[in-house]
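Contents: one structure, followed by commentary.
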Amino acid sequence: MAPLLLFFLLFPFLQPTKSHSTHHHTNPPLSRLYNNSVLLDDQRVTFHWSLSNSSISLAAQSARKSNYLAIGFGEQMKNSYAYVAWTERHGKCHVRSYWISGRDASSIHHTSEDLTHVVCVSISGIISFEVTRPLVPSCTGRIECDNIIDPMKPLSVIWSMGNEWSGTHLTEKNMHFAMSDQPEPVFLLSGLARKERDLGIILAIHGFFMFVSWGILFPGGILSARFLKHADGNLWFRSHQYLQYSGLAITFVAVILAGFGLGGFYFYSSHVKFGTVAILLAICQPINAYFRPKKPETGGTGTNIRVVWEYAHGITGRVTVVFGIVGLFTGLKHFGVAHDSEIAERLTWGLVLWILISVSVVLYLEFKELQRRRRERNFSEANWELGELDDDELVDLLEADEL
């Protein structure tokens with residue numbers, strides 16, 4: 001009798017504990033599964049994410065009990081894309097994506113986003129969910145096709161939570177009891193959520209340094225090699241080296257600034273790709289200059305390999321500057337999209353004006369160079385024709401020409 005009585009007393013504790021979770025409690029914390037995480041506005045919701053080349057895995061977890069948790073991408077819930085996790089009465093947890101066009105329940109529209117690795121968990125009323133989605137939806141003609149995530153831009157993240165949600169019949173009762181006061185700009189590449197102004201200042205300095213390098217120093221080095229070779233001594237060579245090495249040094253400083261601001265180096269955008277090619281070509285120039293073939297003695301003719309090297313070095317330098325200038329334009333475009341489009345547009349027109357002025361100066365220098373070479377050729381021909389005259393006769397003839 002005693003064993004039977006003991007069994008009935010312990011029976012409730014021997015049964016498995018019911019949980020409102022689709023996963024066991026021993027799942028690892030979300031912070032261990034994702035590369036980045038931030039506390040959103042009011043520090044009630046934690047947002048996690050990891051990036052790949054073509055997709056983003058994101059997760060959210062509330063800090064208080066609720067029956068639904070919504071994460072939205074936008075400046076406010078109206079006109080935003082949202083991911084909502086909610087629990088039914090029997091404890092099952094769901095996740096769906098929505099387009100929100102207004103402030104009432106009829107403005108919440110279910111979308112058919114391509115979501116994978118969907119996980120929804122509710123433990124003691126604390127909801128967390130995970131989804132993976134492409135950065136660029138592979139569809140056209142539907143509202144969710146415009147839900148594009150650009151890792152180079154700050155992503156405005158908002159949240160809300162409430163007591164009731166329905167996947168089919170939404171009513172005015174499905175309203176939130178808590179929501180974010182303002183969007184949190186999350187910089188997906190750097191893993192940081194901080195004010196746009198801070199990053200904007202860093203990237204503005206990065207852009208200015210890049211303009212000094214690719215808009216002034218590198219082109220100046222090419223022009224010195226092109227138009228100063230007739231000057232006395234090695235002025236052209238010293239100027240060429242100084243300007244090119246200075247451009248490289250400032251470029252490296254600018255790259256370090258961008259890496260510090262973004263929290264790393266990434267190759268998602270056309271700006272970074274053009275810039276990387278330009279920098280690699282710029283690094284190759286002093287290397288191939290070090291291994292340049294020996295210059296022939298005075299009066300000798302250049303070897304074929306020396307001539308080939310000179311053409312290759314010159315052409316590579318010009319191509320490098322072209323890639324760098326394209327990098328300046330694409331950088332301004334990204335800056336305008338992410339921070340201030342009006343300032344970026346003005347700077348773009350300023351860069352165009354600078355390039356037009358520079359091209360005009362180059363054309364003028366080319367014209368003057370042609371004149372100088374023509375004078376030298378005429379002078380050489382005159383010396384050759386007058387070579388049989390005595391020195392006194394040559395002086396008299398030259399003085400007569402001046403008169």
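Placed from the backbone N, Cα and C atoms, the Cβ positions cover glycine too.
Summarising the annotation, TrEMBL assigns signal peptide to 1-19.
Annotation comment: TrEMBL describes 43-162 as domain 'DOMON'.
Taken from TrEMBL, the feature domain 'Cytochrome b561' covers 170-368.
Residues annotated as transmembrane segment in TrEMBL: 199-224 (among others). Long-range contacts of the transmembrane segment (199-224) within the same chain: residues 154, 187, 190, 236, 239-244, 246-248, 250-251, 253-255, 257-258, 260-262, 275, 278, 282, 317-318, 320-321, 324-325, 327-328, 331-332, 335, 339-340, 347, 351, 354, 358, 362, 365, each at least 6 residues beyond the stretch ends and with a Cβ under 8 Å from a Cβ of the stretch.
If you look up TrEMBL, you'll see 245-268 (among others) marked as transmembrane segment.
Long-range contacts of the transmembrane segment (274-291) within the same chain: residues 210, 214, 218, 244-245, 247-248, 251, 255, 267, 309, 312-313, 316-317, 319-321, 323-324, 326-327, 330-331, each at least 6 residues beyond the stretch ends and with a Cβ under 8 Å from a Cβ of the stretch. The annotation transmembrane segment is assigned in TrEMBL to 274-291 (among others).
Per TrEMBL, the feature transmembrane segment maps to 311-332 (among others). Within the chain carrying the transmembrane segment (311-332), a Cβ under 8 angstroms from the stretch's Cβ atoms is held by residues 207, 210-211, 213-215, 218-219, 221-222, 225, 269-271, 274-275, 277-278, 281-282, 284-285, 288-289, 292, 344, 347-348, 351, 355, all 6 or more beyond its ends.
Per TrEMBL, the feature transmembrane segment maps to 347-367 (among others). Same-chain neighbours of the transmembrane segment (347-367): 207, 211, 215, 219, 223, 226-227, 325, 328-329, 332-333, 335-336, counting only residues six or more beyond its ends whose CB sits under 8 Å from a CB of the stretch.
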